[in-house]
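Please read the structure below before turning to the comments.
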Amino acid sequence: MATVAAGSNKRGGGRGRKALVAVLDNEANISAGKAAAQAGDLSASSAQKAKRAPARSGKAAKAAAAVVDDVAELQGMLERLRLEKEKAEEMVRERDEVIRKKEEEIETKEKERERLQAELRKVQRAKEFKPTVSLPLVKSLLDKEQDADDKGKKKKGKGKAGLERKKPCPAYVLWIKDQWVEIKKENPEADFKEVSNTLGAKWKALGAEEKQPYEERYRQEKEAYLQVVGKEKREAEAMKLLEEQQMQWTAKELLEQYLKFRQEAEEGDGKKGKRKNSKKDKDPSKPKQPMSAYFVYSQERRAALVAEKKNVPEIGKITGEEWKNMTEAQKAPYEEVAKKQKEEYHKQMEVYKQKKIEEAASLEKEEEEQKKIMKQEALQLLKKKEKADNIIKKTKEKRQKKKQENADPNRPKKPASSFILFSKEARKQLLEERAGINNSTLNALISVKWKELSSEERQMWNDKAAPAMAAYKKEMEEYTKAHSSSA
């Protein structure tokens, strides 16, 4: 019975629990009714027996005793049924409590799920952040240059790495280039090693006057190379400086956009955003594709079919069937119109392509002009930086020079203060306790220990430093007097 009640509670909730209590009550009432009916029947039968046999008093007494026993047994059954009913009701109450707890747990989980979904929506909106900040112009131009250089290197040397600008050849190599052909004419069968050895021996035998033209040529080429490389290096350094400045501006702008995006996302929490069209924007100046013969025909028929109140799918179906059933002669006018449109389209495309080439050339020219302007800006920025660095350097040098000029070897040296004396002792102790500790942490610990000292302990260290300080003051007085008298 309890199993049936539990099953019905799972399926029906509160309604099942009420039905179970009603069933239990009915069963108990039916059982009690049956017991009462049995007792009534027994009482009636015993009364009839007593009337039929009044003379048999012994038998009547026995029958009455049996009736009393039956009644007692029925009362015991009723008591057991009552106890079973109470037990079933207790089980139902326990089951109700379990179900209530489960419902509360489900409700809590539902709230947690809604909270997590809200957080997920926030995260998804954060992932959809699309900044409108463009790449700094310096960086984009430099990237284009790098890509062009990489492509040129791959075409030229099939991926071989190397500087595009060659270093100047030494005097010996320049001389070899002039003499190589002559040596090969004299010894056509000589291999590379033999020719190299012959040229090496000849170069060693040459005098200084004969080597002079090649050395002079090498010197000039080297000076020109270093000048160009130095200029390129300086320009690269200036462009890097300008790029860093522009990247800082870009980072600021990007941060402002992100903060604005987060604010808008928080304000519009729970609202569905409009779906943005992800299609690529078409070029309005690009010529439209020409229509085929079938589309020319369907365009002509559309007006009549629309007048007949046909919808778009029906129009497409009707025109398709009609086009299939048309003869070649009937299709010929429409194909002629389509052919003319195609020819016109090709002409327009040629003009469009030429226009795009001119625009690309113009854009490239503008980029070159912009690059020159930016190089000038970068060089000006570099000059300002170098000027500031030079001022700082000169100031430091002046201070150092002044300090050295003012330094007198006969001037008494200032003794260690109480803190310095304490730090020496504390440093030894801390290094023993904490091996491998770094210097910054050690200095911090010493400062903390000094601050934690009591006034008596500090006085002890002051007393230790006092004799040296008194001697220093005395020496300084003497030094001052001597210095002033000599002056």
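Glycine is treated like the rest: Cβ placed from N, Cα and C.
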Range among 90-114, 140-164 that TrEMBL annotates as region 'Disordered': 140-164
Per-state residue totals over the domain 'HMG box' (412-480) - DSSP helix, strand, coil: 56 helix, 0 strand, 13 coil
Helix, strand, coil residue numbers for the domain 'HMG box' (287-353) per DSSP? 55 helix, 0 strand, 12 coil
Determine the mean pLDDT over the domain 'HMG box' (165-233), rounding to the nearest whole number. 83
